[in-house]
Amino acid sequence: MSAEKEGDSLCFFVNGKKVTENNADPETMLLSFLREKLRLTGTKYGCGGGGCGACTVMVSRHQPATKTITHYSANACLLPLCQLHGAAVTTVEGIGSTKTRVHPVQERIAKAHGSQCGFCTPGMVMSMYALLRNKPQPTMEDITQALAGNLCRCTGYRPIVDGCRTFCQEADCCQASGGGDCCLSGGQNADEAEHEKPQLFDREEFLPLDPTQELIFPPELILMAEAANPKTLTFRGERMSWVSPPSLEELVQLKTSNPKAPLVMGNTNIGPDIKFKGILHPLIISPTRVTELFQVTQTPRGVWVGAGCSLTEVRSLLEKLVPQFPEERTELFRALSRQLGNLGSQQIRNVASLGGNIMSAYPNSDLNPVLAAGNCKVSVVCGGGRRELPLNQDFFVSFGKTILTPEEIVVSVFIPFSRKGEFVGAFRQAPRKESSFPTVTTGMRVLFSEGSRVVQEVSIYYGGMGPTTVSATKTCAAIVTRPWDDETLSRAYDVLLDELVLPPSAPGGQVEFRRSLTLSLLFKFNLEVLQKLREMNVITDELPEKMQMRPLPREIQASLQEFQHVSKDQSDQDPVGRPIMHRSALGHATGEAVYCDDIPATDGELFLALVTSSRAHAKITGLDVSEALRLPGVVDVVTAKDIPGQKVRKISGYEEELLAETEVSCVGQMLCAVVADTRAHARRGAAAVQVGYEDLPDPVFTSEEAVEKSSFFEPRRTIERGNVTEAFETVDQLHEGELRIGGQEHFYMETQSMLVLPVGEEAEFNAYVSTQWPTLTQDAIAETLSIPSNRVTCHVKRLGGAFGGKVNKTAILACITSVAAWKTNRAVRCVLERGEDMLLTGARHPVLGRYKVGFMNDGRIVAVDLQYYANAGNTVDDSLLVTEKMLLHIDNAYNIPNLRGHAAACRTNLPSNTAFRGFGVPQALVVVENVVNDVAALLRRPADQIREINMYTGPSVTHYKFEFSPESMRRCWEECKAKSDYGARRAAVDQFNQQNRWKKRGMSIIPIKIGIAFSEGSLNQAAALVHIYQDGSVLVAHGGAEMGQGLHTKMQQVASRELGIPPSKIYISETSTSTVPNTPPSAASYGTDANGMAVKDACQTLYQRLEPIRQKHPKGSWESWAQAAFFEKISLSATGFYRGPDLFMDWDTKEGKPFAYFTFGVCCCEVELDCLTGDYRTVRTDIVMDIGRSVNPSVDIGQIEGAFMQGLGLYTMEELKFSPSGLLYTRGPSQYKIPAVCDVPLRFNVYLLPDSHNPHAVYSSKGIGEAALFLGSSVFFAIKDAVAAARSESGLLGPFSLDSPATPERACLACASPFTRKIPASEPGSFKPWALNI
């Protein structure tokens, strides 16, 4: 191959159209090609690492050997373009559109309300579509597996699953009805049938699935695939070449002459390395066309599987083989198949290869321990011939390295049949049940002498216990030749403990947990083996029922969503109160909805990449950009010196620099920005900027360090009712405790995105920004560029999620982007990578809560003293407002006569934390509820009784002298206890716990009272602009941003009611500062309350203006009235304004009216916990919310479910981890786990409290966006309840500490099982931990 030779041309099909690419660059992934080259922007960028599923597409290929066509889903962000030669790709645009016809998958997800912000929807649609192409009548198990690799941050998944469930052909009707009424209501009598409960959607109106209507596979590709004498393909890019040989012979030659070149099959390992670690491979070899790598050969001793087979193919091969042989011969096959079911996601398994998985030699590999324990071997080939190597401890040499020489290639893997008396076990424990790298994995095999319990052979391997897959050789030696009994095993545990030691500062942390897992997984294997020996009648003693371990339940069941019918007198045309579909849902599902980064590029547009600090606390000694400016494509670098106007943003009396000049105060602080002609060039330019630092002493990271050094943002607030100190003297009992609440990443699916276009005259700029507060962004850009605000228009079409994270930091990013646009006089786009976004935009505040409580023996809580320390990070942001809101909620639902709260915002050297749905309330309330739980534990009484005794009753007053009625809250409580059948289920849980030693159930019921609106009175205002055109169509603009919460949909409903016209005549184009100026942010659950009143005001004005026309032509149509008004010169445009309540809080007198009203809710949860691993399932959730009269029940129930799931993430899963030097480790979905489909409660019921009213908001509704998030804590307290049951088995009673999130690690260690108690704890201070305890 001469270097001069031209590259080959790449040919594949996209949505039935041929694509020929003559200059395919090996570094180009399908995602960027689709979005930038083909302008197919329906496929979204969510993480770039195959972890979120937003970029899912379907790939189809012709298999010449079998003359079949295979279809599979894959992540476009990891699929190299060069790999697609001869393939057909289908994207969301290719299956249906609103212009032609919508595909049934798109229709059902939309109409079942499975789309809120809509950013994840195209990926969901394509995962489901690929499943249906392979299996038009899937089971529920198929559906949950297909969706396991797709994340959604808005919906809580329930409506997505319900929409997809309608394709199921399962026998039980109610499973598929979406309303789930028939079997659950216990048979309706005739009277009930008349008043049928309203449903969220009607499945009768769905289009049927017709497999004959799908795109055909292009015949040209079949001819291409079957062509004789295929040739070697070569593609050359800017920095990389790609070679695809057609035969094993050529592959061996290539590898011999280029031993360092990696082989790429699925690109799920090399891809992320190139992308996230910046590793550059000048040559990549792609062996996807080498048939020998895909062959499967059966022998009498086992089966040889081609190393190129995808993990999906391996799994279906094993599943086909299992029924063909006696059970005793397929032990290993079944163990591998089980392990494969949880490895990665469907999209990853579809492309990742068996050989690649083995050769990447990950320390926590799922397959390698099982293959090694099962005596598998590999066949390798190189120029010198073939050899076979056993997969054992000698095969894995060090991290990511095997015993193979660089020239050797794994051709196939031998998986043996098992023998009589041989058992194989495979176990894994991961931070999330699906689509997650494991913490610890293991493969175990034991062979017994014929008909006895004496061990002949035993093999135990672990992953996640060192830099490689490790063999527990000494442990095996302690078991072999001995009978398999308690005595042998208890000796084995002690040997294992000494054999597998992790240093306390081991990479990955969780040292005690990982060590205890090695023991408890061996114990699980022991339980399985005893069960098998019993089945073979080798042993006869029964294992007590209590000791058995069945897997956690996993079947998702039909759920209920109950809401009130609209009144009988309401006109059919009036949409208010009806479950109307999100107005953009079909656009979301077809990929037609336009987000910020979907806006087409303008001529000469540049891309901006940021340079951020790599030190937490340092002086900047130099910034050298010369190397960056020399790189291809780089146009300019923007530094603080380039800013023409204000270089800082002022907030709460503090200043935040846009770009740091002299000093940095956290890792991830922005220093400068590089602009270049493409994303890739800008990122390479940013990486080439050299920054010099001089570290400053004593960085502060934790709240404790901040308290010690008095590092706070002032003022610190306190509030008190009664006299706590005196009350402590009079109580029966006193108790002190503390609770830590970890932070939470927003993980909006669409990262921070913006596009700033200079208009070209009079310093005018158009900014298209994904922000919750367009006015703030407009003002910030104007101040930064030193121009008046009237020259800046900020446009917001929609946001792909925000949750509080797209306000302050977004404005700063927009300022930097606008400086680049001003300096270069060209359009500049800035879209953060997921890792950058997580690094620099901040999160929910981690909080340390300390408390002292005084109570009576009858359960009355008399006095509580609470102290909150919120970790604010390096700048003030909204931290002071967050601490204030925390103090305003320390009573939650309880009338505690003596109550004192202190809150401080700690100034630390971590990235600045910011607003997040709930705004401090979720952190404040979980501490309060923990206090109540501790009191219950000390009095040995059920926690719900203590809650009831202390709850507000009758006309009440809060600790800041605000009067309210708790009647609705008490109704929610009673209703929730009734709907969830609390009493009977509580008894059933206790019985379950007596019958099970290693699994426990827990239950909790938790109330919330949350204040709605801004306590800063000036933010409670809104404006709207409504135009009626002569054809009768109406255009509405208002100040709120649509971020998935359905605000535009509700505004359409309001306008429809007020004007008396159908919603189809009303359009909302965007939110823009040029149509509605000076708007507050869309936040504080106040968007509908404020904007709804403004839209209503504008529409009423117009309706009144048309009154004379209506009287003149009473029989006329709406269209004729609009036209007549024009000829009569009546203005058809009106502004509306809403002057909201004057809310305030006086922190000197500690009194005020900071909220317009309260939203109430109660949630009951039941969980099942595996005490050996800390894994749990939420078995059932019942939520009753008082939201007044809902404007749109489907939208509101969606908000409740989505917020609850986000809360479930906050309190049980999501963990931000920082290195000891302040660097965020968890910078993407592979390290940071948000809830997935596998985390949805198996029964998830939501009930809107009937007959409730609210005089303070539009149409008697209530704000709902944030309230239900805290209810996720009921899962936390249910886990704590289950842990308490486990602890009582070990004789541990009374309160205990369990910090949030209650991850498997924390839950398992808190259970204090005999295995966790064997692990010696490391002395704090004697070592440097891998991660800080924030």
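From the backbone N, Cα and C atoms, a Cβ is placed for every residue, glycine too.
Bear in mind that TrEMBL entries carry predicted annotations, made automatically and left uncurated.
Pulled from TrEMBL:
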DOMAIN    8-95  domain '2Fe-2S ferredoxin-type'
BINDING   Cys47, Cys52, Cys55, Cys77  [2Fe-2S] cluster 1 binding site
BINDING   Cys117, Cys120, Cys152, Cys154  [2Fe-2S] cluster 2 binding site
DOMAIN    235-420  domain 'FAD-binding PCMH-type'
BINDING   263-270, 353-357, Asp366, Arg428  FAD binding site
BINDING   Gln772, Phe803, Arg917, Ala1084  Mo-molybdopterin binding site
BINDING   Phe919  substrate binding site
ACT_SITE  Glu1266  active site, proton acceptor
- Residue pair Ala1084 (Mo-molybdopterin binding site), Glu1266 (active site, proton acceptor) - Cα distance, angstrom, rounded: 7
- Message: Treating G and I as helix alongside H, and B as strand alongside E, what does DSSP give for the domain '2Fe-2S ferredoxin-type' (8-95) in helix, strand and coil?
- Response: 16 helix, 31 strand, 41 coil
- C-beta crowding around the residue listed as 'active site, proton acceptor', within 10 angstroms: 28
- Message: Can you tell me how many other Cβ atoms are located within 10 Å of the Cβ belonging to Leu263 (FAD binding site)?
- Response: 23
- Annotated Mo-molybdopterin contacts Gln772, Phe803, Arg917, Ala1084, maximal Cα-Cα distance (Å, integer): 12
- How many Å separate the Cα atoms of Leu263 (FAD binding site) and Cys52 ([2Fe-2S] cluster 1 binding site)? 25
- Task: Determine, using Cα-Cα distances only, which of these binding-site residues is closest to Asn357 (FAD binding site): Cys77, Cys117, Gln772, Phe803, Arg917.
- Result: Cys77
- Message: A 10 Å Cβ contact count, applied to the binding-site residues Asn267, Asn269, Ser353, Asn357, Gln772: which residue has the minimum?
- Response: Asn269
- Message: Spatially, which candidate from the binding-site residues Cys77, Asn267, Phe919 is nearest to Cys154 ([2Fe-2S] cluster 2 binding site), comparing Cα atoms?
- Response: Phe919
- Task: Give the distance between the Cα atoms of Glu1266 (active site, proton acceptor) and Arg917 (Mo-molybdopterin binding site), rounded to the nearest whole Å.
- Result: 5
- Measuring CA to CA, name the entry from the binding-site residues Cys55, Cys152, Phe919 that ends up nearest Ser353 (FAD binding site). Cys55
- Query: For Met265 (FAD binding site) and Cys77 ([2Fe-2S] cluster 1 binding site), what Cα-Cα distance in Å is obtained after rounding to a whole number?
  - Reply: 15
- Message: For the C-alpha pair, I'd like the distance in angstrom between Arg917 (Mo-molybdopterin binding site) and Gly355 (FAD binding site), rounded off.
- Response: 44
- Item | Surrounding CB atoms that lie within 10 Å of the CB of Phe803 (Mo-molybdopterin binding site), all protein chains | 30
